[in-house]
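Remarks on the structure that follows.
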């Protein structure tokens with residue numbers, strides 16, 4: 001962790017200089033052309049930033065001193081600072097679930113999570129500080145919306161997780177990314193798209209195929225339409241939680257009213273048809289709320305009209321939020337009804353509940369210290 005003096009200096013620089021990690025390779029190439037530098041320099045610098053995770057231009061020893069000085073006068077490098085590192089090993093999980101509380105240069109706090117699985121290591125990234133959507137089962141919504149994250153603040157989370165792995169001597173590599181952390185990715189679409197472009201750039205030791213990156217949304221219809229024609233190869237997950245409009249409004253009041261199911265369904269069908277990829281419908285089972293066979297039948301009616309798969313997930317307990325998870329018998333009965341209808345269904349196990357790292361639990365623990373200098 002950097003010293004307070006370093007943090008203060010970095011924050012001051014960030015006020016006047018652009019964070020170079022906010023730039024995609026193409027954007028950096030354009031900026032360097034203005035500095036009369038060849039295009040290949042951009043790839044060289046990006047490799048320092050995202051393969052070697054350099055935190056200063058002085059570390060970029062393959063660049064001339066003159067260029068390093070010019071870069072230092074033009075750009076800043078402002079990685080997030082790790083405020084807290086929690087880990088938890090649970091049940092059949094093949095390794096520890098780890099959560100980092102990160103401080104951004106302006107003092108905003110976010111969380112990112114590393115989730116192990118059989119043959120994979122998934123990074124759960126945040127796209128916003130806080131969230132404006134106020135979903136009733138989600139801790140992040142209780143924070144309110146602070147601001148969108150920049151592309152560099154998004155990729156910086158992956159860098160922080162990779163640095164954590166390297167510091168512990170592990171040779172593991174992040175294999176998958178899910179935008180299921182704090183915030184709504186499709187209310188920060190351009191920055192998320194730029195971050196995906198950087199994270200998936202071939203040739204970096206940390207690069208990840210876009211096919212292994214999932215963007216999760218509450219169902220922002222115009223942005224899903226953009227994603228369908230963007231040419232990106234990412235996967236799409238939609239937080240559904242009920243196929244009854246009125247019930248969905250009670251769970252997700254802002255998103256469900258603004259983007260009703262009868263308008264969302266055809267857009268998801270268009271996405272699936274245009275991309276050839278299934279939409280993942282995420283359905284959190286809540287005891288006595290959305291767990292009946294009638295709920296299952298309504299979900300079948302909604303999901304049978306387009307190429308999709310369904311992830312059933314358990315509710316993860318959150319302080320002051322009065323929902324309960326369903327028992328295994330209820331969950332299995334619900335799943336079996338979907339399977340009988342010919343739908344593809346997966347029961348997703350959540351890990352990291354004891355450290356508040358599971359779905360819906362991210363609330364930037366330590367947010368009360370976000371004004372610390």
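Using N, Cα and C of the backbone, Cβ positions are placed for all residues, glycine too.
For reference, Swiss-Prot has these:
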type     : residues      : note
ACT_SITE : 111           : active site, proton acceptor
ACT_SITE : 359           : active site, S-methylcysteine intermediate
BINDING  : 131, 135, 138 : [4Fe-4S] cluster binding site
DISULFID : 124-359       : disulfide bond
DOMAIN   : 117-356       : domain 'Radical SAM core'
By a 10 Å Cβ neighbour count, the lowest-scoring of the recorded positions 124, 131, 135, 138 is 135
Spacing of the two Cα atoms, residue 111 (active site, proton acceptor) and residue 131 ([4Fe-4S] cluster binding site), in whole angstrom, works out to 13
Neighbouring CB atoms within 10 angstroms of the CB of residue 111 (active site, proton acceptor), all protein chains considered, total 28
Residue 138 ([4Fe-4S] cluster binding site) sits from residue 124 (disulfide bond) (Cα to Cα, rounded, in Å) at a distance of 16
